[in-house]
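**Student:** Sharing the feature lines straight out of TrEMBL:
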DOMAIN    A:22-251  domain 'ABC transmembrane type-2'
TRANSMEM  A:24-46  transmembrane segment
TRANSMEM  A:108-130  transmembrane segment
TRANSMEM  A:136-159  transmembrane segment
TRANSMEM  A:171-190  transmembrane segment
TRANSMEM  A:224-244  transmembrane segment
Amino acid sequence: MAHPTYAVFEHQLVSYRRVWRGSVLSSFLLPVLFLLAMGLTVGGYVDRGGGLGVRYLDFIAPGLLASTALQVAAGEATWPVHAGFVWHRMYHGMRATPVRIPDMVRGHIMYILLRVALSAVGFLVVMALFGAVHSAWAPAALPVAVLVGLATAAPIFAYSATISTDGMFAVLFRFAVVPMTLFAGVFFPVDSLPLAARALAYVSPLWHGVELTRAATLGTPTAWGGWAHVSFLVMWSVAGYLLAVHRFSRRLAD
Amino acid sequence: MVLRKSLADLSYPRVRVLDVSAAEPLIAAHGLVKRFGDFTAVAGIDVDVRAGEAFGFLGPNGAGKSSTMRMIGCVSAPSGGTLRILGMDPVRDGPAIRARLGVCPQQDSLDQDITVRENLTVYARYFGISRRQARQRADELLEFVQLTERANDKVEPLSGGMKRRLTIARALVNDPAIVLLDEPTTGLDPQARHLVWERLFQLKQRGVTLVLTTHYMDEAEQLCDRLVVMDGGRIGAEGSPRQLIERYATREVVELRFSDATLDSYLGKLEGIGERLELLPDRILLYADDGDLAVAAVHERQLRPSSVLVRRSTLEDVFLHLTGRTLVD
């Protein structure tokens, strides 16, 4: 008998079967656009200064890969989760079955991680085509992307299970997702930030993911050492997961 | 609507083997209470539902019906009293109980993005049913609720009645020992309602235990072997529809309307005819065992109602008597 967590995962796959072509296409197309516009075009100007030590394309590509993991996770952990409580009430449907709340959270997150992994594969392939992969460690960027997905999707699940209207997602994106994307070392090294802003970058899961991804594709050392960054992401994941289960239980009680 | 498919086509076992003794009710609630903060939704009710019974909770919105159903469905913990379902404790054994319940909630919770059949197969997997069995079961159930032709359509464009039938099919996917239906036909047009009733009646004949809430009197009369009338979180009366009507109403009811506005002035003039009078904003109800005799008596007193309707009394009259007001949604 399949585990209930897997049944929840399978449910998501049945939905995904309808849209997978488009999503796979965009997971190749988006990196191409990003690397053309940011890596090559902006990079053309940045590289004249030569302050980074590596080509801007090579610097930004792993950052964008980690950031893509965040975007996919954030997109999938917000409105679809809200829909499950309020619009389609999918979670309420599951609640009437032997499926337990941790099964719902885990099964749905498993699916999101699959989506993150697919996007990361697409991104890495495009990066290779652009000549932005410089280390045999590059495949390690994939599990890192998945871990970034988990470390962001899990706490966002808790947020999505807490809010009462989807208007609150604007707050999440404005104050968490967008600032993280801009200031967590994707586009420029965080060393150039003032200390307070740097501290925020250090707390964010994305910066740790960017450090690890960059190390993987460039073959350079990370700021704090690999395990420190991995531990940080695991911490976000575990705390986010526990909080998500707690918020789901609250939402589905009574 | 004519039943096209014989019941024997469905792979339902006629006799359900239950791990509770035949004497023990499938659902046993004693002094059951549900509170939300200061608000008491269910104020101590006693209910026993036995195997094979169709049991109804009848009452207006806010009576506590849905709260009771959610406690029975093991998704809401009781605030007081005891509740046992299939011999188990809903708080401790929630998943084990839910594995053997079929739930048709008041609000649809179908997945709009996948097909009608997929809604059933995906749901079957939540009960640990194999993929192959799930497909087979889905096809049988689609036939049962007459949705075979829509099997590969998405859910979203279906009519309200079709969605409700799909929800009922979904509630049967695990071959449940008890089917819980929270206002199964609310919001449906008459034709759709009748189709749903027909299907529920077949389930009942097959020996499936049904527990339903409704605020439709005709629904309760059609489907329920036994019911309780709830109001304000309490049970006002209990019995079969017929028993309740006999106990709280008369065999017939005469509805009298008068064209002049002062209805209450007629109360005195009608005094003594029939067993009881009820004044409503637009009409007077006259409870009598023989309606025609009562109408004759009204005319004898030189009263000229603008309209007279003699009808059988219904649960609506019982409800009116018990709560002193008409049933409002």
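Cβ from N, Cα, C; glycine included.
A TrEMBL annotation is a machine prediction, not a hand-curated record.
Distances, neighbours, how buried they are, the whole picture for these features please.
**Tutor:** Sequence-distant neighbours of the transmembrane segment (A:224-244) (same chain, 6+ residues past either end, Cβ-Cβ under 8 Å): 105-106, 109, 147-148, 150-158, 161, 205, 208-209, 211-212, 215.
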**Student:** In the same chain, which residue numbers or ranges, 6 or more beyond the ends of the transmembrane segment (A:24-46), come under 8 angstroms Cβ to Cβ?
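**Tutor:** Hits for the transmembrane segment (A:24-46): 52, 55-57, 60-61, 64-65, 68, 118-119, 121-123, 125-127, 130, 132, 187.
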**Student:** When you scan the chain for residues with a C-beta under 8 Å from the transmembrane segment (A:171-190), skipping those not six or more beyond its ends, what do you find?
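**Tutor:** Counting only partners 6 or more residues beyond its ends, the transmembrane segment (A:171-190) has Cβ contacts under 8 Å with 38, 52, 60, 63-64, 66-67, 70-71, 74, 78, 156, 159, 197-198, 200-202, 204-207, 210-211.
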